[in-house]
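The structure follows.
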Amino acid sequence: LRHLSLSSRELTQNYLPNCHIIEGIEYGAEDITILDGLAFLSTGLKYPGLPSYSDDPGKIYSLNLLDSDLKIKALNIKGQFDKGSFNPHGISVYTDVKDGAIYLFVVNHPQGKSQVEIFRFVEDENALQYIRTIRHELLHNVNDIVAVGTESFYATNDHYFTNEILKVMEPLLSLSWCDVVYYTPQTVQVVAGGFPSANGINISPDKRHLYVSDILKHKISVMEIQKNTVLSHVKEVDVGSLCDNIEVDRESGDLWLGCHPNGLKFMLSDPNDPPGSEVIRIENILSEKPQVTQVYSDDGSVIIASSVATPYGGKLLIGTVYQKALICDLK
């Protein structure tokens, strides 16, 4: 367990220039994704065993990185959707090549359940039009999602059991029963398994490879998408940290990871000894020698429990599970 959680690891601070807290984010931005300079932020996650400092429902915010004032805006949700129990987790954006429509897929945990919400982004109203909710017995502990169509996606389950006590037992018993699920309206199937806990997931720019954060093994798993949508294992890349969400630079193909450098501190979440934050970049992941670089690290004095990092236009956004969000200049 000490090895799994990296409980003895201490951080050396490694800051980026010109970092600022994003005003208005107080209760986490667990996942962030960017489309053409517009960032979508998933905020207010309430997750069993972790702190939550607000009883308000979660929200999705937008942040236009092309605007100099960098002000977040809450996205209004339209349609027959229960906003009062909204508890957003992982998110993914998909643009329909047929008509340019933009869809936002959101992992949602109302009353502790797991389901996926599909919205259409209405840009001129800064709103989300609710389309549908997806529930399935294979989508039982969904953490993250990557959309590959207007109604299709890959999703990770971060636990096998749904009972809270049994969930705690999974790492104690070294169970590797978590998986990746592929969903379309016609078929739902497990396409990869054997993970102690599968967290972040994303796809390569050419749509040929999936990347999954095997958080308790401190690795990123690389899998090739076969014609039948089943995944074949390619390799694992050591990152030396408990990395959560994965964002992919659509131009370079680089992976950007928001990580928990010390899992024990993350689970204990002691305000007097807060968990730190770490951002890791992987370049040339499909080559024989991927380059793994620590881009940012903090002992918790600036931001606590980083879960996502994504670059755009020389800036880096860093989100956290339950605290603040940061924007920095990249060196």
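Backbone N, Cα and C define each Cβ position, glycine as well.
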Return the single candidate from Cys19, Cys178 listed in TrEMBL as disulfide-linked to Cys328.
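As annotated by TrEMBL, the paired cysteine is Cys19.
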Cα of Asn245 (Ca(2+) binding site) to Cα of Cys19 (disulfide bond): how many Å, rounded?
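Just about 21 Å between their Cα atoms.
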Given the recorded positions Cys19, His89, Cys328, state which is nearest to Glu30 (Ca(2+) binding site) when distance is taken between Cα atoms.
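Checking each of Cys19, His89, Cys328 against Glu30 (Ca(2+) binding site), the shortest Cα distance is to His89.
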Please report the distance from the Cα of Asn143 (Ca(2+) binding site) to the Cα of Cys328 (disulfide bond), rounded to the nearest angstrom.
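Spelling it out, the Cα of Asn143 (Ca(2+) binding site) and the Cα of Cys328 (disulfide bond) are 26 Å apart.
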Out of Asp31, Ile91, Asn199, Asp244, the binding-site residues in the record, which is closest to Cys19 (disulfide bond) when you go by Cα distance?
Asp31
Can you check which residues sit near Asp31 (Ca(2+) binding site), meaning Cβ under 8 Å from its Cβ, same chain, 6 or more apart in sequence, and list them in order?
Leu41, Ser42, Pro88, His89, Gly90, Ile91, Asp144, Asn245, Ser307, Val308, Gly319
Other than Glu30, Asp31, Ile91, Asn143, Asp144, Asn199, Asp244, Asn245, which residues of the chain come within 8 Å of the Ca(2+) site, judged by Cβ distance to the Cβ centroid of those residues?
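Residues close to the Ca(2+) site, other than Glu30, Asp31, Ile91, Asn143, Asp144, Asn199, Asp244, Asn245: Ser42, His89, Gly90, Val107, Gly200, Ser307, Val308.
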Within 10 angstroms of the C-beta of Asn143 (Ca(2+) binding site), what count of other C-beta atoms is obtained when all protein chains are considered?
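Excluding its own Cβ, the number within 10 Å is 27.
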